[in-house]
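Peer 1: So TrEMBL has the following annotated:
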- 13-44: compositional bias 'Basic and acidic residues' (COMPBIAS)
- 69-103: domain 'RING-type' (DOMAIN)
- 1-51: region 'Disordered' (REGION)
Amino acid sequence: MNMTPVCPFVKAARPDDNNASKKSGENSMKHQAESESKVKKEVNDSASTSPKCPFGYDSQSFKIGPLSCTVCQALLFDTSKCVPCSHVFCKACISRFKDCPLCGADIVKIEPDANLQGVVDRFIEGHARIKRSVSADKGEEAAESKQVIYEDVSLERGSFLVQQAMRAFRAQNLESAKSRLNFCAEDIRDQLEKVGNTSELCSQLGAVLGMLGDCCRAMGDASSAVAYFEESVQFLSKLPKDDLEITHTLSVSLNKIGDLKYYDGDLQAARSYYFKSLNVRRDAVKHNSNVPSQVLDVAVSLAKVADVDRNLGDEKLATDGFQEAIDLLESLTLKSEASGLEQRRQSVIDFLRSQLPDKQEQAEATV
């Protein structure tokens, strides 16, 4: 039920806020000339300034702000108030307690706090995309003033929403996580309509849709999970396959659809998706043969396909698949510092060997 903890958003470069500072020993005439030049530039060009979020939310540090639930540590969702202590939490979070997690008071009942939830919703709607007009200094140049776009300095909107969703997901507040990810997906879809299918936007939407699939799977909604994973595959398939992160996310989404089909008893469909994932990973190894993790991924995919073949009654094909995976991993050379990968390699080999029939069973099968 793990959600991939990789944020699909890369922060854009920010303006250098230090350019406006001046050394105390500068010549006063030079200072005045530079100030006038700066004012004129701000007036004639649309600019972007980067004040920090007033509530202090920052994706680079673990911040619990005034609008956060102290249980899931994400922004409040379906805000509920404890009676009589009046402390507020997400409804899904506080419903697990009999005593207030903050003060220890007995919870007599839980009431919705629509007003505070409204504040949270408005904050999410405006976060990292606030726009307002700014006039220049008084005088002739004021008439030439243009709009300045203010952005949150600490994180972009997408990474903010994903951060909040992942916090909620880890705390099992799945409705909250799904809500934040849906906001994020809607924002990206709006951008796609405006600028078209760029690689960056398709990559972001593909990753977010995969996270939504994880949420639905954790909630037991297999059909919705499959729909999100398939849409994720649709967008990720449009991207060049030279990006290992995109390739990995694509293959994982295909495997997750295969898993859901497998558990639903549709073995042919499961094999089809597992095999598609295997082909994606094989192509990645062809172009990145020096990346051990890619080879491990291929071995895992071979095992998934072989397992389905066994359940479909084709023991020879299954055995060949397991053996191919073993041969691949035994030929893999890892550097001494890659102890984590070595442990994973050995673990996968042990599993694969356990799937092979012993020599006596093989002999009986050929008789």
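A Cβ is built for glycine as well, from the same backbone N, Cα and C atoms used for every other residue.
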Peer 1: If you average the pLDDT over the domain 'RING-type' (69-103), what number do you get?
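Peer 2: On average, pLDDT over the domain 'RING-type' (69-103) sits at 94.
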Peer 1: Write out how many residues of the domain 'RING-type' (69-103) are helix, how many strand and how many coil, based on DSSP.
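Peer 2: Helix, strand and coil residues of the domain 'RING-type' (69-103) number 4 helix, 10 strand, 21 coil.
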